[in-house]
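Everything below concerns the one structure shown next.
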Amino acid sequence: MGKQNSKLRPEMLQDLRENTEFSELELQEWYKGFLKDCPTGILNVDEFKKIYANFFPYGDASKFAEHVFRTFDTNSDGTIDFREFIIALSVTSRGRLEQKLMWAFSMYDLDGNGYISREEMLEIVQAIYKMVSSVMKMPEDESTPEKRTEKIFRQMDTNNDGKLSLEEFIRGAKSDPSIVRLLQCDPSSASQF
């Protein structure tokens, strides 16, 4: 497809200004960097996993990266283009708490049925533990992915139906900051645990 232009087209820039929290200058800079790392203008899951591994050098980030990739890939075509990338980045880095929680919910809801089952939560938590357990000391009641999943469900599943709705997820996270920490996977926040 030839060499990509390193400047965003005006209509794309307008669209991204309306749909992200980034300035025009920031968008142009991100685009330049994106094309430098992805000359084709798209990222596949393997390329994404390699990039993600740089952020978590002491653990295995590949499974978690697959879940993040799936959530970034909003049109489910198996690739992430710049628009998908920058919109997800905007939500995760600059979005309001509720936007971040909605994004996280969509990542945890593996089958897309509008609920997070214990199995889905456990799969994500296992991926998080593989990625950060070597650099994070967990309290006893969160020492395994299973214990952490149970703790999250005890606090969030208010109607005890064995699954979390978006409302339960957001309400639980907003009412107790420790739940947000339970859901996070940032090793720099290890001291919070």
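Cβ coordinates come from backbone N, Cα and C, glycine included.
Under DSSP, ASN75 (Ca(2+) 1 binding site) is assigned to coil, being neither helix nor strand in the three-state scheme. Swiss-Prot lists ASP73, ASN75, ASP77, THR79, GLU84 with the feature Ca(2+) 1 binding site.
The Ca(2+) 2 binding site annotation in Swiss-Prot covers ASP109, ASP111, ASN113, TYR115, GLU120, and the record cites experimental evidence as its basis. A 10 Å cutoff on Cβ-Cβ distances gives ASP111 (Ca(2+) 2 binding site) a total of 10 other Cβ atoms nearby, all chains included.
Here Swiss-Prot flags ASP157, ASN159, ASP161, LYS163, GLU168 as Ca(2+) 3 binding site. In the three-state DSSP reading, ASN159 (Ca(2+) 3 binding site) counts as coil. Every protein chain shown contributes to the tally, and the Cβ of ASN159 (Ca(2+) 3 binding site) ends up with 10 other Cβ atoms within 10 Å.
Across the range of the domain 'EF-hand 1' (24-59), the DSSP-based residue counts are 25 helix, 3 strand, 8 coil. According to Swiss-Prot, the domain 'EF-hand 1' annotation covers 24-59.
The domain 'EF-hand 2' annotation in Swiss-Prot covers 60-95, and the record cites sequence analysis as its basis. Non-local neighbours of the domain 'EF-hand 2' (60-95) in the same chain are 8, 12, 15-16, 19-22, 27, 30-31, 34-35, 41-45, 48-49, 52-53, 103, 106-107, 110, 124, 126-128, 130-131, 185; each lies 6+ residues outside the stretch with a CB under 8 Å from one of its CB atoms.
If one looks beyond the domain 'EF-hand 3' (96-131) by at least 6 residues along the same chain, the residues whose Cβ comes under 8 Å of a Cβ in the stretch are 56, 59-61, 63-64, 66-68, 70-71, 88, 144-146, 148-149, 152-153, 162-166, 169-170, 173-174, 183, 185. What Swiss-Prot records for 96-131 is domain 'EF-hand 3', and it gives sequence analysis as the kind of evidence.
Residues 97-98, 101-102, 104-105, 108, 114-118, 121-122, 125-126, 128-129, 138 of the same chain sit 6 or more residues outside the domain 'EF-hand 4' (144-179) yet have a Cβ under 8 Å from a Cβ within it. Here Swiss-Prot flags 144-179 as domain 'EF-hand 4', drawing on sequence analysis.
Annotation comment: Swiss-Prot describes GLY2 as N-myristoyl glycine.
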**Study point:** Secondary-structure category, per DSSP, in which GLU120 (Ca(2+) 2 binding site) falls
**Key:** helix
Point to revise | Other C-beta atoms that fall within 10 angstroms of the C-beta of THR79 (Ca(2+) 1 binding site) | key: 19
Exercise for review: Check the binding-site residues ASP77, GLU84 for other C-beta atoms within 10 angstroms of each C-beta and report the one with the most.
Suggested key: GLU84
Review point. Counting across all protein chains shown, how many other Cβ atoms sit within 10 Å of the Cβ of ASN113 (Ca(2+) 2 binding site)?
Key: 10
Check your understanding: Out of these binding-site residues, ASP73, ASP109, ASP157, ASP161, GLU168, which one has the fewest other C-beta atoms within 10 Å of its own C-beta?
Key -> ASP161
